[in-house]
Amino acid sequence: MSDSESEEATKINTDPVDNAWSLKIPAFKETDNPHGMIEESSFATLFPKYREKYLKEVWPLVEQAVGEHHLKAELDLVEGSMVVKTTRKTWDPYIIIKARDMIKLMARSVPFEQAKRVLQDEIGCDIIKIGNLVQKKEKFVKRRQRLIGPNGATLKSIELLTDCYVLVQGNTVSALGPYKGLQQVRDIVLETMNNVHPIYNIKALMIKRELMKDPKLANEDWSRFLPKFKNKNLSKRKQPKVKKPKKEYTPFPPAQPESKIDKQLASGEYFLNKEQKQAKRQQERQTKQAEAAKKQDERRNKDFIPPTEEPPTGSKRKANDNDSSDSRVDVQSLKAKLLKANKKSKS
């Protein structure tokens, strides 16, 4: 190591970092690895049948893109696989991982124009599996559609806020962009599949973006500015009408139930002889029969008992008086009418 290189090493800043995302990672150059790779590395991935036509059309562009990094790409239409390999000229040890991510994204229906961006140093990708996060298929489809939004509006807003390309395909969500944005996309997707609407996280990201512009709030807690949403999903369990109170906890086991002999000892029946027991049973039987006969007589005589009449109230009494006055006939006037009628008939 020369003196100039040792001086540069001593000038490295060791102060605490306020924002780790703002740090620039030094670029890896060809001079850092002049001898290349010792062994050949390769990665292969399968692709579905419906992607065969598209991949066949863009494969010359794929070979050109990986050829700039001294890699080799192969397309096997018989087995339905894509392979990327290192060559003797390959000097970047991590570029094979980037190329593997590129062919994985292309197999997940990501277009080549977007997938080739993953070969850049500041760009990464994340394939989020969402198929096993929800048990019922109806709920899974509903929450996945909630992530896309009406006419793709929700997905577009996520892309604008995170600077990432997001594609929802089947049981996976493919994201491509800066590493900070990938972290935010993963959080939004997982919370959406856990029944948290994505609009809440989008609103929080918009507020954070505005707060980042104010340097006075750099060292303050932002939780007071962020919206707090309460869960409105109430328990759908039907509450019983009569709730049984819980018994007090006792460390001792419950008392042993009394046997037939214990009950006979308590009542004194155990010490009676056979004739006395039979007489007691006969007496109990007679008392039961007498009670049953009494109840049966009451049930039979119930129909012959006259109902109790209520005494008439004041209004009813007046109505009865009016009816009786109307029903009275004037005998004298009736006689006079009859005499008149007889005279007319004689004349």
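A Cβ is built for glycine as well, from the same backbone N, Cα and C atoms used for every other residue.
Per Swiss-Prot, the features are:
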- 124-194: domain 'KH' (DOMAIN)
- 231-246: compositional bias 'Basic residues' (COMPBIAS)
- 231-347: region 'Disordered' (REGION)
- 271-304: coiled coil (COILED)
- 272-303: compositional bias 'Basic and acidic residues' (COMPBIAS)
- 318-329: compositional bias 'Basic and acidic residues' (COMPBIAS)
- 337-347: compositional bias 'Basic residues' (COMPBIAS)
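Remote same-chain residues near the coiled coil (271-304) are listed as none (criterion: CB distance under 8 Å, separation of at least six residues from the stretch ends). Secondary structure by DSSP for the compositional bias 'Basic residues' (337-347): 10 helix, 0 strand, 1 coil. Across the domain 'KH' (124-194), DSSP classifies residues as 40 helix, 17 strand, 14 coil.
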